[in-house]
Amino acid sequence: MASGRKAALDAALKKIEKDFGKGSIMRLGENVHTQVDVISTGSLKLDIALGVGGYPKGRIIEVFGPESSGKTTVALHAAAEVQKQGGTAAYIDAENSLDAKYAQALGVNVDDLLLSQPDTGEQGLEIADDLVNSGAIDLLVIDSVAALVPRAEIEGEMGDSHVGLQARLMSQALRKLAGTLNRTGTIAIFINQIREKIGIMFGNPETTPGGRALKFYSTVRLEVRRSAQIKDGTNIVGNNTKIKVVKNKVAPPFKVAEVDIMYGKGISQTGELIDLAVDKDIINKSGAWYAYQGEKIGQGRVNAISWLDSPEHKKEHDEIFTSVRDQYGIGEKKDSDEDPGDNKKSKDSASDPFDDPNYNPKSSDPGDDLSDDDIY
C-alpha cells in the first residue's frame with residue numbers, strides 16, 4: 001500500500017516537472033540554505049538591524065516615512081551598492097524629482113543608472129514589469145507609490161471620485177511582480193509616503209497610500225524618520241535619522257538603525273563605523289579622544305571621522321570595517337567582481353513577532369487600518 005502511494009507520488013512529481021519545468025516542485029529540504037543571499041544597504045547599521053546583512057534578493061522592500069526624512073537617500077545608497085558589485089539598478093521616478101547630482105554624491109554611477117519618468121501609474125508598473133522580466137537588473141526602485149497615479153484619474157476631471165483605483169492597480173501589479181522578482185533575484189524597493197486617517201481619536205492616525213497589498217507582499221518594511229538636527233556651529237548640516245524595521249520575514253523585526261544623513265553627502269558611513277567600532281571596543285573612546293590600536297585618531301567624533309576618511313588611513317579603515325562586520329556576525333563584504341544578479345534562492349528564516357520582547361500587538365503600524373482606498 002505504502003509503495004503504491006510512493007510510486008503514484010513519484011509519477012505525479014515527474015509529470016509536474018515535465019509540464020512546468022525542473023524546480024517547479026521540490027522537497028523543502030532540497031532548497032534550504034543557511035544564509036539568505038543579500039545585497040548591502042550601504043549602511044552598516046541598517047545591515048545589522050536587518051539581521052541578514054542587507055536586503056534579501058528576490059524580495060519586495062517598502063521604505064516609508066514623512067517628507068524629507070531620507071527615504072530616497074536610503075534607496076540611492078542601495079543603488080550605489082548594487083553598482084559597486086557590478087550589478088544594474090533601475091529607477092522609476094514617478095515623482096519626477098530625482099536629483100542626479102545628489103545621486104552621484106552618494107556613489108551612484110548616473111551614466112549606468114536606468115531612469116524612467118512615467119506619465120501614469122500603469123505605464124510605470126508596466127516598465128517595472130518588463131525590466132524585472134528581462135532578468136538583467138538587480139535592483140528596481142519605484143519612487144513613489146503615492147505618485148503612481150492611475151490613468152483614469154489623470155484623464156478625469158478635478159474632484160472626480162476614484163475610490164480604490166490605486167489600490168486595485170497596486171494589487172494587480174504586485175501579484176505579477178512578486179513571482180518574477182523571486183525567479184530573477186531582483187530586489188524591488190517601493191518608496192511610500194504617509195497620510196493621516198481623518199477622525200481617528202485613539203491609536204496612530206498615520207497610514208500609507210496604495211492599499212494593503214504592498215504591506216502583505218513586502219518582505220521588509222522600513223520606517224524612516226528624522227529625530228534631531230546635526231549642527232556645525234549655528235549651521236544645520238544634516239539630520240539624525242532613525243530607520244525602524246517594522247516588518248521582517250527573514251530575521252527578527254522591530255530593530256532600529258540610527259544614522260546621520262548629511263546634506264549633500266547622504267548617510268555618514270564612517271560615522272556609523274566609528275559608533276559600531278566603539279560599541280565593540282575595536283576603537284577605544286576615553287573622554288573626547290578616540291584611539292585605534294593605541295594610536296589617538298582624533299579628539300571628538302568629527303576629527304575621528306576625518307582621520308578615518310583620509311586616503312593615507314585607508315588600511316586602518318578597511319581593518320575596522322572588516323572587524324565590525326565580523327563582530328556583528330554579518331560576514332565578509334562580497335567582492336566587487338561578484339555578480340549580484342546570480343539567482344541563489346534561499347528559504348525564509350521564519351520569525352515569530354511574538355518571540356520579540358518589544359513586540360506590542362496593540363501598537364498601530366501605519367497602514368494597519370483600512371481606508372477608502374484599502375479595499376484590495
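Quick reminder: no glycine exception, Cβ is built from N, Cα and C everywhere.
Swiss-Prot has this to say about the protein:
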BINDING   Gly65, Pro66, Glu67, Ser68, Ser69, Gly70, Lys71, Thr72  ATP binding site
REGION    316-376  region 'Disordered'
COMPBIAS  331-350  compositional bias 'Basic and acidic residues'
COMPBIAS  366-376  compositional bias 'Acidic residues'
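In this structure, Ser68 (ATP binding site) belongs to neither helix nor strand by DSSP; it is coil. The ATP site is defined by Gly65, Pro66, Glu67, Ser68, Ser69, Gly70, Lys71, Thr72, and by the 8 Å test on Cβ atoms against their centroid, the other residues of the chain that qualify are Val224, Arg225, Arg226. Listed binding-site residues: Ser68, Ser69, Thr72. The one with the lowest count of other Cβ atoms within 10 Å of its Cβ is Ser68. Of all the binding-site residues listed here (Gly65, Pro66), the one with the fewest other CB atoms within 10 A of its own CB is Pro66.
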